[in-house]
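Participant: Questions regarding the structure given below will be posed in turn.
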Amino acid sequence: MWATYVFIAVSLACANGYSSGAPESVCQDMVPKHPVPPQSTPPPYTITTSTKTVKAGTPMEVVITGKKPTDKMRGLLLQAREGTKIVGKFTLAPNDPFAQLLNCGEPGNAITHKKHDEKNDKQTVAFTWTPPKDFVGEIKFRATIALNGAVFWVGVESGPVKVIS
């Protein structure tokens, strides 16, 4: 009987996760505080970019796609990184039903999901990212993507993007 209660409590916690988005406390390690570990299998998501080279201060698009129609996203934390340093800013479409900006040390330098109904889970999401005007270097987009509260992948990365002056 006791095991049943524990199972139900853990299941509810997994299902709920951070339904209103990732908290700032996970900005560095990007690991959700769900009561289950991340998946160790390859992620069923890809992160692609509109360009492999971008001029500093010039916006570009980043797209996250589930490989199959069933590979939808319930949760997301996305950043652009040069090594461990979070770089640049994101912009969102007005009234985006899925995503919101998160401040990981700087305003708008990360994106997370917002509370939404399951019908608004997404197979594909696209965002605009702009590198700082004074930044030159190489970044990768890095994400934590949750299929649901109990199934998520940490460290999903894009290929490198060069930022030039």
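Every residue number used here counts from 1 along the chain in the order it is shown.
Using N, Cα and C of the backbone, Cβ positions are placed for all residues, glycine too.
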Participant: Regarding the disulphide bond with Cys104, report which of Cys14, Cys27 Swiss-Prot records as its partner.
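Facilitator: According to Swiss-Prot, the disulfide partner of Cys104 among Cys14, Cys27 is Cys27.
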Participant: Tally every other Cβ atom lying within 10 Å of the Cβ atom of Cys104 (disulfide bond).
Facilitator: 20
Participant: Return the residues near Cys27 (disulfide bond), defined as same-chain residues 6+ apart in sequence whose C-beta is under 8 angstroms from its C-beta, sorted by sequence, else 'none'.
Facilitator: Gln79, Ile86, Leu102, Cys104, Gly105, Ala110
Participant: Could you tell me which three-state DSSP class Cys27 (disulfide bond) falls into?
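Facilitator: In the DSSP reduction, Cys27 (disulfide bond) maps to coil.
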